[in-house]
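**Q** These came from TrEMBL, pasted as-is:
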TRANSMEM  12-31  transmembrane segment
TRANSMEM  77-98  transmembrane segment
TRANSMEM  110-142  transmembrane segment
TRANSMEM  148-175  transmembrane segment
TRANSMEM  182-211  transmembrane segment
TRANSMEM  231-251  transmembrane segment
TRANSMEM  263-282  transmembrane segment
TRANSMEM  288-305  transmembrane segment
TRANSMEM  312-333  transmembrane segment
Amino acid sequence: MEFIKFQLKRNQVLTNSIYLALGLIAFLLMISASKDWKDYKWLFLLIEEKSWMDLILSFSLTHEVVYFWSSKFWGELIGFKSFTLLTTMALLTLKLNFYQKMSDRAWLTIFFYCCFYLFLLEGTVLRVAYATALVIMAIYTLYDKKPVLSLCLILLSSQIHFTCLVFLIIFPIFYSKHFFTALVTVFLLSPLFIFFNISLFQIIELLSAYINQKYLFYADPTIVSEQNRTGLFFYFLAIFYALNLFVVYTLRNSIFSDPKVRVLVGTGLMGIIFMSTMYTHVAPATRLAELMMITLPLYLTSVFLEWQKNKYYWVCYLIITFAALYALARFVYLYPSLIPFLK
């Protein structure tokens, strides 16, 4: 028994070493090839110029104080780059450990996370990467019948990236089958918003103006005119709508009866709903969708295992291939300076 415990502990040390290495790789990509790195350094310089008294006097729950205060404290103490490296490695390891706890096939879930999110979050959008570590913990604690702790974790994540408040929706999804049924219905009908040229962005804009003026940046006409210049938004929406439709079909026997599966799939469906109802403003629509689909590695693992159980191995191969190709496309899109023929 002691030998088994030792082996398990040794295996976990090896696993955590791999997670830390992934964090290091993402950090190196971030500082060497991501266009967002200069924006994070600029934000740090702004916060560094402020005194602690100014920060305390301007305190607001909409100002994401956990990130900005900790970046000021640790950035001034050990340097912003070192703070970013350590935070990225630590929170990615924490996040992947909780994915591992919730997964029936841990290595597959981690593979899907690397394909769909490692480059996007830890390698580009750092604050979302950090905040979603707490969101995944919140979902796990909700599974563990600790709703108060789960709520606290989501509120804490909103102080790293305020939009994480949208994850409060996990509570009605978890506790109400009827709410989830309504959510699935809206998801199925969501393309009609685009077909009938109906956008709900103005509602989001009014809410943003009330909460935090900085989010009105996304409604600026000059920003809107530059959106979707690659023309990929509607392809992205169509692919992930089809993928989530495939998920609902595959897990149809469990999503309405198992609240754990409902939460994972329901948050992903909300991402598609955001894209469909805010399609006139591509940047916030896409960012909210990518944020909400943070559970994708977990429910895609369930889909894979369902088809594997029924011996449809070709479907499993297609899922793996799709994830790998998506990772390649995401890498090229985010780090064109590393691709010789795109320089």
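Note: Cβ is positioned from N, Cα and C throughout, glycine not excepted.
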**Q** Any chance you could find the range in 12-31, 77-98, 110-142, 263-282 with the most Cβ pairs under 8 Å to the transmembrane segment (148-175)?
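**A** Most Cβ pairs under 8 Å with the transmembrane segment (148-175) come from 110-142.
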**Q** Of the listed stretches (12-31, 110-142, 312-333), which one yields the highest count of Cβ-Cβ distances below 8 Å with the transmembrane segment (288-305)?
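**A** Most Cβ pairs under 8 Å with the transmembrane segment (288-305) come from 110-142.
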**Q** Same-chain Cβ contacts of the transmembrane segment (12-31) under 8 Å, 6 or more residues past its ends?
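**A** Beyond its ends, the transmembrane segment (12-31) has Cβ neighbours at 37, 81, 84-85, 88-90, 92-93, 96-97, 100, 114, 118-119, 122-124, 126, 335.
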